[in-house]
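Heads up: the structure comes next, in structure tokens.
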2 protein chains.
Amino acid sequence: MTSLRFVFLFLLISFSASAQKDYKLWLQYNTVTNPTVASQYKSNLKGIVVLGNSETIRIAEKELKTGFSDMLGNIPEIKSEVKGEYNIIVGSQSNLNAEIKNELQSDFDKINNEGFIIKSISIKNKKQIVITGKNDVAVLYGVFHFLRILQTNKSVKNLNIADSPKTNIRILNHWDNLDRTVERGYAGFSLWNWQKLPDFIDQRYIDYARTNASIGINGTVLTNVNANALILTPQYLEKVEALANVFRPYGIKVYLTARFSAPIEIGSLKTADPKDPEVMNWWKNKSAEIYKRIPDFGGFLVKANSEGQPGPQNYGRNHVDGANMLADAVAPFGGVVMWRAFVYSEHDANDRAKQAYTEFQPYDGKFKENVIVQVKNGAIDFQPREPFHPLFGAMPKTPLMMEFQITQEYLGFSTHLVFLPKLFQEVLESDTYQKGKGSTVAKVVDGTLYQNKLTGIAGVANIGNDLNWTGHPFAQANWYGFGRLAWNPYLDSEVIAEEWLRSTFSNDENFIKPVKDMMIESREAVVNYMTPLGLHHIMDTGHHYGPGPWVSNLSRPEWNPTYYHKADKNGIGFDRSKSGTNAVSQYAPEVANLFDNLETCPEKDLLWFHHVSWDYKLKNGQTLWNGLALKYQEGVNQVREMQNVWNKAEKYVDSERFNEVKMLLEIQHKEAKWWRDACLLYFQQFSGKELPERVEKPTQTLEYFKSLKFPFAPGNG
Amino acid sequence: MTSLRFVFLFLLISFSASAQKDYKLWLQYNTVTNPTVASQYKSNLKGIVVLGNSETIRIAEKELKTGFSDMLGNIPEIKSEVKGEYNIIVGSQSNLNAEIKNELQSDFDKINNEGFIIKSISIKNKKQIVITGKNDVAVLYGVFHFLRILQTNKSVKNLNIADSPKTNIRILNHWDNLDRTVERGYAGFSLWNWQKLPDFIDQRYIDYARTNASIGINGTVLTNVNANALILTPQYLEKVEALANVFRPYGIKVYLTARFSAPIEIGSLKTADPKDPEVMNWWKNKSAEIYKRIPDFGGFLVKANSEGQPGPQNYGRNHVDGANMLADAVAPFGGVVMWRAFVYSEHDANDRAKQAYTEFQPYDGKFKENVIVQVKNGAIDFQPREPFHPLFGAMPKTPLMMEFQITQEYLGFSTHLVFLPKLFQEVLESDTYQKGKGSTVAKVVDGTLYQNKLTGIAGVANIGNDLNWTGHPFAQANWYGFGRLAWNPYLDSEVIAEEWLRSTFSNDENFIKPVKDMMIESREAVVNYMTPLGLHHIMDTGHHYGPGPWVSNLSRPEWNPTYYHKADKNGIGFDRSKSGTNAVSQYAPEVANLFDNLETCPEKDLLWFHHVSWDYKLKNGQTLWNGLALKYQEGVNQVREMQNVWNKAEKYVDSERFNEVKMLLEIQHKEAKWWRDACLLYFQQFSGKELPERVEKPTQTLEYFKSLKFPFAPGNG
């Protein structure tokens, strides 16, 4: 009776704490309900010994306690020293006793400074589990990994894990403005409450740090790349310092965006010329000022001479001059400069996709060693699908870091369920052939291809002050997946999806399998209903919400969708082949030839590289027009199937999150049809052909779709 | 052992659900820990019988279940009919059986349509408790009141409550813009996610409605009084409709702000002249369109010809013309027009405090019967203290509704702990003497002074998408207290504070007493450290954050603090006596004389009505200068004492909320000193006198305080 009543009460508490589930992300620590698993855990995990006394170690201990009490209903005995067996021994290498240190020597040789070891060992015939690393943050990573083992109901017997992150800088880029609006933010507004900082520490800052630490993220750029110089004034640096103090024990460094014209705007100088001694001095002093407050400050992220941002070119200098000047300023303190390669000139009539390569590739080898060039995954701008950026592999002497966009600027905001790790994986697995077969983007990014020491992956955050952090419950998976891939760019997105589902919702196999498949499928779905067959950037203007293939009146030609799809009576697509803009030539010859040849160009990239006749025969025998229309329809069908899958998941999910996802999928379905109908009606004007039979007929006119306006769409920067 | 372990687990769950406590406001439903009380509840509350089947009744039932399971650990047996004794019988009058109906006839005669009865009765010698009212929403109010009895650990024996709201319109005014910024909002951004509406119903909408229903709020104006006409377009009305559907079962009507120029902006008319037949027709059609979607739409709130908003005066018409035209449009559907009296002309050099009265009083009796004039509590603008607005009592033939500001525009944003019901009570208790002694503002507002049928109280909401809704945990008490006073303008603020503390934190007497005293004291503290002795509107420009008594360069004279304090060598204060602007003459003679005479004018209002010499002797024997300085110091001391009280409350409060309040009180203390030092240094220039001994010396210069800038202060509309 008592135990029954306990279960009953527990359910009720869970019920009223439903909003909390949304908030807790993948750290739900759900009760282990499988009795075999629970019993294995209870018999193998009987004590906890925590060695060391740093704030980080205290956090690791608290996390273990929370995990155990939530998942297993009790906390193993906390011991001050190793006594008996089946203990979890938690501490950094220097805090382990000689016997254990010895036992793990070969494991320590395998890991880097941030890597951890989780190992079952036997000492004096007593079984123990050690969670360790070379410092306390590494130990914390190990603890989170260990808890993930419990969360995913894996065995804790014979553990033998030695895992290190493959990149140095695993970082979120927040495009957060000082007024708390977030450029391309769809999950509310900025977490950073500048007005109440530095004296009010919002619990969310702590939860943010904890959550990021759980997936190994070790850096955060607090401010928008379209930067405001005020962040570098003492009034704001005091606030940044407060955040850095919160994040530090979680192993997270703070970075800021540097507005290139800051010496003028807040420093009263007349110029921001990077070769001007006063300017150089100003940045050196500013850096010293920052490091005095924040000794482990990470460095600067810079968007310069791009989309109206000031930069070295305003003074007849180039990106190398600008980046190196800043690099010199932070070098004495161990800081880095992340310099973005996202540039395209309003004065260059050439193919926008070529411009970043054209401008940056010749700089290879010219940057200081604490500069890393941040390159978007594709040459245009975070589209549902892009071929990998040609700079990857093309700058052997320059560290390049990947810039992914976690926030769904072009992929349905926080309304559409799109599992982005599938997209990220596609990019990372792409073979650049720059050092022969197998020269994948992942190898460029983790530095193994050219032995770069400085490596990194950045993700434009999808995090806001929505109660569930990311707007869409499944957008949490994109934050999670980004972190996991930043740690290990070779991880399979299916593995990530499964980990996330188990940690976030349920370990029930009947739930996992179909919902995982749904997640994996979701990325191809969004490509199909938005931009199939290599189409790109046909979103509506400014806010990028919904279709706008007809838009042709913007001041810069390369902002117009018509620039990208080039639909006409003869066909559709952007000819980037040798006979076109020859963008293909920016890739290694093997890749260039593949893309250049209409026969070998993957159909998923077809209209990216070729202007193709409406009657062109696709591999499935369909004409291009019919094939395009059927792809749009397939996207809609896929969303419908996602709805079916989710509806069957109801019994495995709390009602609040179930309903949220259900409502969002309904909107996604509606909007997938909107995309299909608007695009096909528009393109039909050029093809002059009927829709194939299996494509549903539009229920609105093209004029209707063109008339839609969204004056307050969020995130419009 | 089992029970011990249960307690342990429970504590842990509570711990990890800490953020949830912030979110749950006063509906914590904490476990009843007092064994005598718990035992009384268990023996007197054994069954629940719910009669009726509306959505509202289902909500009431669910609320009872949640309350019981959270507070008492079990839910009384749910019965389909009255069997046995000690049942709680829940249902509207028409659903009660004849016997009970009979028994309660005299109670039903006492209540109005929204009133409820909670009564212990005995039928066939069996004891029962009935919760009823004339409709289901009234029953829901009764259920919430009953749960409040449990939350505050009061007896459930011999209940005999018949309670009706004293006003018709108990409404929140959200100054929320369509881009989700909130004018004068300090708790994040707007709850209304227009982009995802109508198809995504955020759980917060439901929780918002539930919370408001729990205190009897029955209306909400979704949009800013500085209005955007787009809210009246079909694209937005569809979203408003979705919110109305969520709120309806909770008894909450939706209202919108009407931009007076909407017929031009979204209706393609050439004018918005209220006498133009096309304009009249446009508003009639627009109203019909709204009511087709939302049959119980409440009506419009209008800010016209005030601070740049368009209005009838743009067309040579007056407020009556404008209000009556809109009133005609909504009258066929039972809608009302709330027309704001907050006006002051940039072309009127006269005392701003007089202008609303001067302009509106002559309109008495000229408004249509579904117009209610919304008057701010004071004649200037939501200051820490203002004498009551002279319009109250001065328009016997016109319904006047009170406009309070719950959001702390001038009272420290969401950083300062200020318990506003104390302020509200002071206003409501003020005697206008307009129908002789006892003609209190409360009697104007509840309609009893002049037998007005339409009555109401509006509060400018302090609600945003912060996790805890209001930014400061204690700002929740201001939302709560506003609702309670809107229901009953005669409630004592101490009673409200105690109810709120018990429902929100703890029933422990050792906690209640000191913290309640702290809340009550907090209002006088903010007056003392910001604007003692009748000073007003000396906040810094635009954002109103921090002191700015020196500001004198704004384009409109009455926007400048110097306009309000008029400090000079001779003294300080605004002479509104008969020898000054004669603003006192707008009050009834008894009140006018009281204020006019320096000897009888309450010292709390001294500098509101008089320009007083620095050497003037206050009642305590101090000179004005010394007295003023000591008041500023007293404010700081009071905040320090609040900190002491709170520090002692640690053991009664969860750590998260405890720390939040602690951090905020530290900021409040810092800012109280800032106010004191900045104001005294500034005024000292005129008084030319030393600070009295008990006043702490400033640690910064006046120039420093003047140099402070807050470019991204929130809520700056």
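The backbone N, Cα and C atoms fix where each Cβ goes, glycine too.
Just so you know, TrEMBL annotations never went through curation; they're auto-generated.
Values in this document were obtained by computation on a predicted structure and should not be read as measured data.
So that you can see what the record holds, here are the features copied from TrEMBL:
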- A:1-19: signal peptide (SIGNAL)
- A:25-146: domain 'Alpha glucuronidase N-terminal' (DOMAIN)
- A:150-469: domain 'Glycosyl hydrolase family 67 catalytic' (DOMAIN)
- A:E307: active site, proton donor (ACT_SITE)
- A:D381: active site, proton acceptor (ACT_SITE)
- A:E409: active site, proton acceptor (ACT_SITE)
- A:470-694: domain 'Glycosyl hydrolase family 67 C-terminal' (DOMAIN)
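Overlay of TrEMBL annotations on the structure.
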residue: A:E307; record: active site, proton donor; Cβ within 10 Å: 14
residue: A:D381; record: active site, proton acceptor; Cβ within 10 Å: 18
residue: A:E409; record: active site, proton acceptor; Cβ within 10 Å: 24
Checked against DSSP, the composition of the domain 'Alpha glucuronidase N-terminal' (A:25-146) is 54 helix, 27 strand, 41 coil
Could you measure between A:E307 (active site, proton donor) and A:D381 (active site, proton acceptor) for me? Cα positions, answer in whole angstrom.
12
In whole Å, how far does the CA atom of A:D381 (active site, proton acceptor) lie from that of A:E409 (active site, proton acceptor)?
10
Model confidence over the domain 'Glycosyl hydrolase family 67 catalytic' (A:150-469), averaged pLDDT:
97
